[in-house]
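First comes the structure, then the notes that go with it.
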Amino acid sequence: MKLNPLVSQLALSDIDNTPGVAADVSHVNSRAEVAGYVGEEQLEKALEGCDLVIIPAGVPRKPGMSRDDLFNINAGIVKGLCSAIAKYCPTALVNMISNPVNSTVPIAAELFGVATLDVVRAKNFYTEKAKINVGDVNVPVVGGHAGITILPLFSQATPKANLSEGDIKVLTKRMQDGDTEVVEAKAGKGSATLSTAYAGAIFADACLKGLNGVPHVVECSFVQSTVTELPFFASKVRLRKNGVGEVLGLSSLSEYEKNGLESLKPELKASIHKGINFANQS
Ligand code: LMR
C-alpha cells in the first residue's frame, strides 16, 4: 500500500511492533505518509479519516487445521475491529482478509471479502497449464474462500485455451487446495502471507480506483449478494465511488461448474450462518 500512488496517508495498527514497522516502511520513497499505532487505545487515531480499512488481523493456520479452525480466535478480533470502524470511520470501505472469510464477512455486513487470492492463483495455474502469457489472463472465481466453496470458472477464462475436462478438474482441485499447498510447505510456520498481501494490495487498489471515479473497475469479491439464494457470495463486483456499485451475475456455466455450484452451497451456507449467529449472539 506504501507503493500505491492513490494512498496519501497509511495508518498501521497492531497490538505491538507497529512504530518500528511504520518507521521502516516510511523510508520507502513514495507518496504516502506512514504512522504506526499500538493497541486498542490508539485505534481511534488509526481509523479516524480512513477511506479504506484493510483487515489482515488474527492468527494463521498450522498444518492439519482448516480455515474454520481459526473462527474462535479471529471472529472476536474481527468483531472488535469492525465495531471500532463503525464508530470512528463509518463510511470507510472495509477489505476483510482475516479467515475464515466465509464467516468473518457475515459477522459485519457491508464489507468486501478479499477473494482476489483465489483469482491470483487461478490466473497463475491456468497460465502454467495453457502455456500463455500471465499478463493477459483473466479467470473469474466465485462462491467462497475455503475448499469446495472456491469455484473457478475456467469456462469463462480469457484468453481461451483448449484444456481437457481432465485438466480443468485437476486445476479446480489445485485451486481448492491452494492454501494447503502453502501451509504444508511452510511446515508449521504459518500459511500464505506474501501472495495474500499481493492479492490484498490488488483489491485495495481496485477499491481506491472505484472511490476515485475510475470507470469499469471489476474484481471478484465475497459480498452480500442475491446472485444465488445464499445471502453472501463471491462473484464479480463493479467498484464505484460508494464501494460495491453492482454485483454481477454468474453468466453461463459449464455442466461441471453447475455441479460445483450446487455442491458448494451447503458448506457455504453453514459458514455464513456461523458468522451471522456469532454477530447476533455477542
Ligand atoms: C489462503 O488461501 O492461502 C489464505 O486464505 C490463507 C489460509 O490460511 O488459507
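The backbone N, Cα and C atoms fix where each Cβ goes, and this holds for glycine too.
All TrEMBL annotations are machine predictions without curation.
Look at TrEMBL and you will find His145 tagged as active site, proton acceptor. In the three-state DSSP scheme, His145 (active site, proton acceptor) falls into the coil class. Around His145 (active site, proton acceptor), the C-beta neighbours below 8 angstroms that are at least 6 residues distant in the chain are Arg67, Asn99, Pro100, Val101, Asn102, Gly113, Ala115, Leu117, Asp118, Phe222, Ala234.
Close to Ser98 (NAD(+) binding site) in the fold, though at least 6 residues off in sequence, lie Ile55, Pro56, Ala57, Gly58, Asn74, Ile77, Val78, Thr104, each with a CB less than 8 Å from its CB. Per TrEMBL, NAD(+) binding site is recorded for Asp14, Asn74, Ile97, Ser98, Asn99.
Counted within 10 Å of its Cβ, the other Cβ atoms near Arg121 (substrate binding site) come to 25, all protein chains included. Following the DSSP three-state reduction, the secondary structure of Arg121 (substrate binding site) is helix. Per TrEMBL, the feature substrate binding site maps to Arg61, Arg67, Asn99, Arg121.
The domain 'Lactate/malate dehydrogenase N-terminal' annotation in TrEMBL covers 1-110.
What TrEMBL lists as domain 'Lactate/malate dehydrogenase C-terminal' is 116-278.
Not one of the binding-site residues Asp14, Ser98, Arg121 places a Cβ under 6 Å from an atom of ligand 1. The DSSP breakdown of the domain 'Lactate/malate dehydrogenase N-terminal' (1-110), given as helix, strand and coil counts, is 46 helix, 20 strand, 44 coil. Confidence in the domain 'Lactate/malate dehydrogenase N-terminal' (1-110), given as mean pLDDT, stands at 94. Distance noted between the C-alpha atoms of Ile97 (NAD(+) binding site) and Arg61 (substrate binding site) is 14 Å.
Here the binding residues for substrate are Arg61, Arg67, Asn99, Arg121. Their largest Cα to Cα distance works out to 19 Å.
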